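Reading through the structure tokens given below for one structure.
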Amino acid sequence: MSQPTLRVLYGSQTGTAQDTAQRIARQARRRQLQVQVSPMDSYNVANLISECLVVFVCATTGQGDPPDNMKNFWRFLFKKSLPAGSLSRLDCAILGLGDSSYPKFNFVAKKLHKRLLQLGASVLLPVGLADDQHDLGSDAVIDPWLTSFWGKAVTLYPTLADVTPLRDDEPLPPTYTFHFLDGVTEKTDDRLSIPTEQPVPSQSHPFPCRLVSNRRVTDVSHFQDVRHIEFDITGSNIEFAAGDVVMMHPRNSAEDVQQFCQLLRLDPDATFRLRATDNAAVPARLPQPCAVRYLVESYLDINAVPRRSFFELLLTFATNELEHEKLMEFSSAEGQDELLSYCNRPRRTTLEVLADFPHTTAELKVDYLLDLFPEIQPRSFSIASSLQAHPNRLQILVAVVSYKTKIHKPRRGLCSTWLASLDPAQGEVYVPLWVKKGTMKFPKEKDTPVIMVGPGTGVAPFRSALQERVAQGKTANVLFFGCRSESKDFYFRSEWEDMTKAGHLTLVSAFSRDQEEKVYVQHRVKENSELLWDLIANKRACFYIAGNAKEMPASVCDALKEAFQQEGGMSAEEAEQMLTAMERSGQFQSETWS
């Protein structure tokens, strides 16, 4: 039997599944296999009937949802009209990437596995369920799963056993080649010009929105800088409702761009054209021709904590013995604890790693930049305003991420730090944006009450909902808001007070540090069990949670179930069943982030 072409299809939201898919493709190339890698939505799913070997790598997002770049694939695959044996020629394997702290752990991979079996596909090995919560991260599952996969592939295609794979430290050809141009300036690609016929903004066509204001809303003495940021969306065709999110691509700082170019001996003002070495498409976000400065500032993620694949690629350039040895260790399954200690736990950035491996960095070839450094992923923020209260405006609430690890320099969030640095007082600032439907849906019926639990910046989508509901005459609103201190981080206080005075809102607040005993929103939920039971059991109120995924959502759910037991005379099991039923019907919704 001749060697197959391996097709690797991925669904990725944050880039991790894409990185894993590319890692599988590199392993295939080292085995001299023909391999094609693509996001599921860029692949014509009807071609699956003629594929012979496919690996599906998929993440699970939100409340058990497929990533954005596999949604069309997902819809097609679950069509009831597909015949039961339509994939009977297909040999495949499914690798799921998930986080067991979420209730629907690896839901997409499990559901895809079940559907492929229904359609007659032959699944070569048990579905891989990688878990971010494992001490050694996802690789604790991925490594043995891949070993098992290649074993099955050799059994299916015995000629693979005759091939001597390339060594791990031998370089593979780059995906693209750079062709530098003399005397050619960068094509601006109309990145900030406003097109005359504007489609609805999307990831491929964001709209450059003017930054109107960028205001700190926490007291200067408060440990955290939180910003209330407003954009002018006039003429953009952007529309949104409560619960929707705004998306944007952040940029690296000028200081980091300069350091990167110095380390790699790149001229930031040089311009180049990219050419694909295989049949890969040139990234749509990069203008042709493109300046090195734009590539590094807006596209290459040089501030992320590098994944293992980065060290595997870096290894192929290492000529210094000490650096080669260390990179070999970081690339191996046995060296993963060492890598976690060096990189993940202290949150060391790619840029800092390059500085730690100066000999290898000096050997890097420019053609490999897009293989080494992933694309900056878009960031999402809950929209904190309603068009009914603020026409032509879009507002967000952003906590500027900054924290210490054992590394001397504080760790900073790429997007929040970049946003905080934008100052419209220094001249006009435009940020390309697009809007995505959120997971939270608010009731259309006028009389259905809503109960919202939104501590900290989790209150953002509820401000949008309250502005929208008040404008529509929906006044049965309860908000549980929590923060550290009434005087330092009580976001939108005057607005809540005005709504309360007008009879449009019942506000219950929890200030955790204003007294000796810490008081959180879950304590306030417990104290208000009678009100909540009446609203939920008698008036069919909808219940919402938004905020940090750490402990708050589970604690609020426990307090709610206690209320059901106390006020409704339920057993613990019945309270659990009631909450599950509410979740299934959409009466209970949550949007949390880690």
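Backbone N, Cα and C define each Cβ position, glycine as well.
If you look up TrEMBL, you'll see 12-17, 59-62, 97-106, Asp132 marked as FMN binding site. Over all protein chains present, the Cβ of Phe105 (FMN binding site) has 18 other Cβ atoms lying within 10 Å.
Residues or ranges marked as FAD binding site by TrEMBL: Arg347, Arg379, Ser380, Phe381, Ser382, Gly413, Leu414, Cys415, Ser416, Trp593. Around the Cβ of Leu414 (FAD binding site), the number of neighbouring Cβ atoms within 10 Å comes to 21.
Per TrEMBL, the feature NADP(+) binding site maps to Thr457, Ser512, Arg513, Lys518, Val519, Tyr520, Val521, Gln522. The Cβ of Thr457 (NADP(+) binding site) lies under 8 Å from the Cβ of Val226, Leu397, Val398, Ala399, Tyr491, Gly547, each of these being in the same chain and 6 or more residues away along the sequence.
The domain 'Flavodoxin-like' annotation in TrEMBL covers 6-150.
Residues annotated as domain 'FAD-binding FR-type' in TrEMBL: 204-443.
Spatially close to Ala59 (FMN binding site) yet at least six residues away along the chain are Gly11, Ser12, Gln13, Thr14, Thr16, Ala17, Pro67, Gly96, Leu97, Gly98, Val108, judged by Cβ distances under 8 angstroms.
Straight-line distance linking the Cα atoms of Gly15 (FMN binding site) and Val519 (NADP(+) binding site), rounded to a whole number, equals 37 Å. Among the binding-site residues listed here, namely Asp99, Tyr102, Lys518, Val519, Tyr520, Tyr102 has its C-alpha nearest to that of Ser382 (FAD binding site).
For the domain 'Flavodoxin-like' (6-150), residue counts in helix, strand and coil come to 58 helix, 35 strand, 52 coil, using DSSP. In this structure, the C-alpha atom of Asp99 (FMN binding site) lies 29 angstrom from that of Lys518 (NADP(+) binding site). In space, Tyr102 is the closest of the binding-site residues Tyr102, Phe105, Ser380, Leu414, Ser416 to Tyr520 (NADP(+) binding site), judged by Cα positions.
Taking Cα separation as the measure, Lys518 (NADP(+) binding site) is nearest to Tyr102 of the binding-site residues Gly62, Tyr102, Phe105, Ser380, Leu414. Each residue contributes its Cα atom, and for Leu414 (FAD binding site) and Arg513 (NADP(+) binding site) these two points are 29 Å apart.
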